[in-house]
Every structure is written in structure tokens, then in C-alpha cells.
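Peer 1: Before we start, here is the structure in question, set down as C-alpha cells.
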Amino acid sequence: MRILEKAPAKINLSLDVLYKRPDNFHEVEMIMTTIDLADHIELTELSADTIKIISHNRFVPDDYRNLAYQAAKLLKEKYHIKKGVSISISKTIPVAAGLAGGSSDAAAALRGLNKLWKLGLTLDELADIGSEIGSDVSFCVYGGTALATGRGEKIQHISPPPHCWVILAKPTIGVSTADVYQNLSLENVKHPDVKGMVRAVESQNYEEICSLLGNVLESVTLEMYPEVAMIKDQMKRFGADAVLMSGSGPTVFGLVQYESKVQRVYNGLRGFCGQVFAVRMLGDQHQLD
Ligand SMILES: C[C@](O)(CO)[C@H](O)COP(=O)(O)OP(=O)(O)OC[C@H]1O[C@@H](n2ccc(N)nc2=O)[C@H](O)[C@@H]1O
Ligand SMILES: Nc1ncnc2c1ncn2[C@@H]1O[C@H](COP(=O)(O)OP(=O)(O)OP(=O)(O)O)[C@@H](O)[C@H]1O
């Protein structure tokens, strides 16, 4: 039996950090939404009791360090599965980019293995298991658009944002999420209006979404990697309606409402930047298939 799963990337429309917790994680409040840029996962049953990862991307580990491997291991242990699985990852999402690529692969593995091994788990149960792998995995189990709190694993679904284009530009650097959180100083940070953003998304108010984009981790990454600020400037100069860094970065995304402007922004970034994509916002939970 063979199962295919789509693993879409996310962007953070709003990301606030409230405080550092005793467990060394940070309490966050953020709005995440899926975009039409995805990895594809293929699961095949193996008779031997092993987990095999196949990936042709040199930045993606093919052993226990892979988050999809960790998803399979966790399910095997919890549900005493004696069968093995081969997980083939066809990678499109840039690695260590702030787009939750590894987390989405893990979430897709959880959804797919639930089918392959006929576990009958609900998405809520899979999201709960996913939170043991990483803070972004729970959201990725559902996809769609959500307000995420706690360390990112508490998910409240909200309606999808209005249709628009997302231009993504990732410089040729990878950023460690742990380093960015570690270098964040919560004194003098400008907190984004997360609740205002929930209202703007729910009321489909594109202009308000553009004006409320905000991410407290942005200034940390900008300080570490000045090229990220340069990409933001370029994106604005070429006509994106609003621009922000996603997650811990370094990927910068620009929102563009009208298709007629997409090519101009995209072309403006090409040649300037390692990887550039023009995709649509997905935002709807039922678009994972
Ligand atoms: C930046 C975001 O991607 C925004 O969506 C997430 O907050 C990070 O999610 P993630 O990559 O799944 O993060 P994890 O793998 O759980 O944690 C990586 C490291 O980031 C830091 N971390 C992460 C999440 C959080 N709420 N507080 C933290 O301080 C911790 O040092 C942790 O060791
Ligand atoms: N399936 C995977 N795909 C990509 N990277 C993976 C995967 N599994 C483990 N990794 C490791 O995780 C690190 C972070 O990669 P990832 O692409 O998930 O980062 P990210 O997009 O910044 O995540 P987030 O936005 O959740 O913080 C990589 O450097 C890589 O070594």
C-alpha cells in the first residue's frame, strides 16, 4: 500500500512573543496560514521493522534527525506498530527558512501513517502527538488558518484570509530558530496587534491585513543577517502591498492583491535572491488533499 500526502508551507501573518517560560520556550501569540508551496510525501509499507527516509535534498537529514522519521517513530512506539515504513520526501519548501518545512513533513507523515496503519486517530489527536515533535507541527497537522498560542501548539481555527498572492524570497542562508529566540530581548519590542489581525482576517479586510503585518522576531534576524532587510526593501520597491519576514526567517514574504503586479515583484527579486516563489495563499483547512 502507498499513501501520498501534501505538506504545505506556512507563513506567520502576525507573531508576538509574550514572555520566556521556565521550560525555556517562549509563550507566543501568532496567526499562521498555509500557502500553495508544498513538499510531497510518499509512504510505502516495509516488511522489515525499520523507518527509511528517502530525500534527494542534501540539506535534509535522512536519519532520526528528520522530523518525519520522528513522527513515524513516535506513532510506532505509542501504538506498538511492528511494521516498517519508507518515507520519501520530495522537497520544494526551502530548508531552515521560517516556512515550517520540516514540521509540515512531520505532520504529513502523521496524517499518512494514520491511514497506512489504520489507527483511526482524529486530527486533534494527531496534532497533540505532533506537539511532541515541534511547536509548529500541531498547526501543520490541520493546515488552514489559525491563531496559535502556548508555545505554538494550542490551535484555534479562524476563517481563511482573502485571496491574494504571496511572493517569497529566501536568501542563501539558513537560520536557527533556537538562536533567534535566544537573541530576542523583550524590552522595547513593538508588539503586533494579533487580535486586530484576527479581526482583519475574519472580515476579509485585505488593506487592514497589510497594515497589521508584524513579527517580533524580525528585528533579531535582521540584526544577524542585514541581507534580509535588503530583500524587504527590494520587495517594497518592486510594488508588494506589504512585506514581512516569516517565522524566525530568513524568508521574506510580500502580499500582492492583483495578479497583474505579481510578475513585476517576482522578477525584481530574481537574481537578487537565492530562491524566489510566487504562490497563492491557501488558508483553507480543506485544501490539504
Ligand atoms: C518561529 C516559529 O516557526 C513560528 O511559527 C515557531 O515559533 C518555531 O517553531 P519550531 O521550529 O517548531 O520550534 P521547535 O522545534 O519547537 O523549537 C526550536 C527552538 O526554538 C525555541 N522556541 C520555539 C518555540 C517557542 N514558542 N519558543 C521557543 O523559545 C526553543 O529554543 C526551541 O528549542
Ligand atoms: N523533513 C525535513 N525537512 C527539512 N529539514 C528538516 C527535516 N527534518 C529535519 N530537518 C532539519 O530541521 C532544520 C530546520 O528545517 P526547517 O525547514 O523545518 O526549518 P524552518 O522552516 O525554519 O522551521 P520553522 O519555521 O518551523 O521554525 C533543518 O536544518 C534540517 O536539518
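Positions of Cβ are set from backbone N, Cα and C atoms, glycine also.
Curation does not apply to TrEMBL; its annotations are automatic.
Pasting the relevant annotations from TrEMBL:
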type	residues	note
ACT_SITE	Lys10	active site
ACT_SITE	Asp136	active site
BINDING	Pro94, Val95, Ala96, Ala97, Gly98, Leu99, Ala100, Gly101, Gly102, Ser103, Ser104	ATP binding site
DOMAIN	66-144	domain 'GHMP kinase N-terminal'
DOMAIN	197-272	domain 'GHMP kinase C-terminal'
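What's the neighbourhood like for each of these?
Peer 2: The Cβ neighbour count for Lys10 (active site), using a 10 Å radius over every protein chain in view, is 29.
In the three-state DSSP scheme, Asp136 (active site) falls into the coil class. The number of other Cβ atoms within 10 Å of the Cβ belonging to Asp136 (active site), over all protein chains shown, comes to 28.
For the recorded site, Gly102 (ATP binding site), the DSSP three-state label reads helix. Neighbour count (other Cβ atoms within 10 Å of the Cβ, all protein chains): 28 for Gly102 (ATP binding site).
Across the residues of the domain 'GHMP kinase N-terminal' (66-144), the predicted structure has a mean pLDDT of 97.
For the domain 'GHMP kinase C-terminal' (197-272), DSSP puts the residue distribution at 43 helix, 12 strand, 21 coil.
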Peer 1: Please classify the secondary structure at Ala96 (ATP binding site) using three-state DSSP.
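Peer 2: Going by the DSSP assignment, Ala96 (ATP binding site) belongs to neither helix nor strand, so it counts as coil.
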Peer 1: Any idea what the Cα distance is from Ser104 (ATP binding site) over to Asp136 (active site), rounded to a whole Å?
Peer 2: 8
Peer 1: In whole Å, note down how far the CA of Asp136 (active site) lies from the CA of Pro94 (ATP binding site).
Peer 2: 16
Peer 1: Near ligand 2, which of the recorded positions Lys10, Ala96, Ala100, Gly102, Ser104 have CB less than 6 Å from any of its atoms?
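Peer 2: Near ligand 2, sequence order: Ala96, Ala100, Gly102.
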